[in-house]
Amino acid sequence: MRTSALLALEDGTVYHGESIGAIGQSVGEVVFNTSMTGYQEILTDPSYCRQIVTLTYPHIGNTGVNDEDEESDNVYASGLIIRELSPVVSSWRSEQALDAYLVKHNIVGLAGIDTRSLTRLIREKGAMKGCIVAGDNIDVEAAIAAAKGFQGLKGLDLAKEVSTKASYVWDEACWHIDGQSQAAEAKYHVVAYDYGAKKNILRMLVERGCKLTVVPAQTPVEEVLALNPDGVFLSNGPGDPEPCDYAISAIQTLLEKDIPTFGICLGHQLLGLACGAKTVKMKFGHHGANHPVQELLAGLVMITSQNHGFAVDEETLPDTLTATHRSLFDGTLQGIHHVSKPAFSFQGHPEASPGPQDAAPLFDHFIDLLEQATGK
Ligand SMILES: NC(=O)CC[C@H](N)C(=O)O
C-alpha cells in the first residue's frame, strides 16, 4: 500500500490519490503536458520551476530514469501528477525507477487520480494554483489554503533564480544512438545567457560548430561584449519575462551592436520585449510534444515541442519585427525575426528533448547569421 496523497486546487477542487514521491507538500501552478514520452527531460527542464506538471499520457515510468537524460542538474518541477505508475521498469538504459528518483530529489508525486478530468478542468478554467501533499492524515482545508496562497507566476522573475551562478564553457555535442557525441570543429564563439537553459540546446549549438561560454542571467552586457562573441544565444527559462529588465536592456544593446542573436522560449519573449512588443499570460499555455506550428513564409507545418505559459502578443509587434511562425492550435505567435538586425527567436523548443525535431533547422539559421556576420 502506498502512502496517500492529494492535489488541492485554488477553486477548492480536490483529487485524492497515492504518493509516488517524497512525503511532504508543494505548491505551484498546475499545468498539463501532452507528451507521451520524456518525463525525465520534463522534470529536469528548469522552465518548469514553480509548476506542478500533470502528464496526460496515462502510463508513466516504464523506461525508468538515467543520468544521460537530465536536461539540467536538478529536478525543477514542483511536483508530478500521473494517472498510473508503471509497476515494471524495463529499458537497457534505465538506472533507477521514477518513484525512487522523485524521492531522491525530494519531489512530491501523485498517482491514481483522474488526470483526464483534471486536464479538462485546466482547459476550461486555465492553469490553476495548486498544492500537492503526500503523507498520512492530510488536512484538506489547509492544502486548499496553501494552493490559494501561492503567489502565481505573473510578475515573477525566476530566470535569475535558476541561472548558473558562474560562467562556464560548454563543449559537449548531441548524444547519438551509439552513446557517442561528436562536436563539429568550433568555428564560432557564442555566449549563451542562461535563464534556465536546457542542455540539449547547448548540445545542438556545439554540434553545429559553436564553442559556448554560458553566463549567468544578470551578467552585464559589457562583460558579454568583452568576451568578443560572434553571436549571443538567449535561453529558455521559467517565470514571467516582463520583470527581467536586466535581460531586456542587455538585448537592446546586442541589437544596437548588430550581434547575431537567437532566442528560444523565454529568450524569444525577451527579444520581443526588447524590441517593444508586449507579453501576455496565456490561459493554460502550451506544454507537449505534438504542437503544430506553421512557418509563415513557406507555409510549412512542423510538429513541435512546447512549454510556455506566456506569449508575445502579435498585436503589439513593432515595425522592426516580423512574425515568422504561428501556432495552429490557437493562432498565437511562435516566432519573430528582426527586419534589419541579425536577430530572431522561436517560442517552441527546436531542441525537442522530448519531442519531434522538425524545428531543428532554426539552429542552422543561427549558424547562417553567424557566417554572414563573421565571414567565417
Ligand atoms: N520554456 C520556457 O522558456 C518558458 C518561458 C516562460 N517561462 C513561459 O512560461 O512562457
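Going from the start of the chain as shown, residues are counted 1 onward.
Including glycine, each Cβ sits where the backbone N, Cα and C put it.
Residues G237, G239, L266, Q269, N307, G309, F310 are recorded by TrEMBL as L-glutamine binders, and the candidate that the same record lists for that site, out of S35, S47, S72, is S47. In this structure, the recorded positions that sit close to ligand 1, with a C-beta under 6 angstroms from any of its atoms, are G239, N307, chosen from G239, N307, E351. Within 10 Å of the Cα of S47 (L-glutamine binding site), the following active-site residues from the list C265, H349, E351 place their own Cα: C265. In sequence order, S47, A159, Y195, G196, L234, S235, N236, G237, P238, G239, P241, C244, H308 are the residues of the chain that are 6 or more apart from L266 (L-glutamine binding site) and have a CB within less than 8 Å of its CB. When Cα-Cα distances from H349 (active site) are compared across the binding-site residues Q269, N307, G309, F310, the shortest belongs to N307. Under a cutoff of 8 A between CB atoms, and with a sequence separation of 6+ in the same chain, the neighbours of E351 (active site) are K198, N200, I201, R203, M204, I264, S305, A360, F363.
According to its DSSP assignment, L266 (L-glutamine binding site) is helical.
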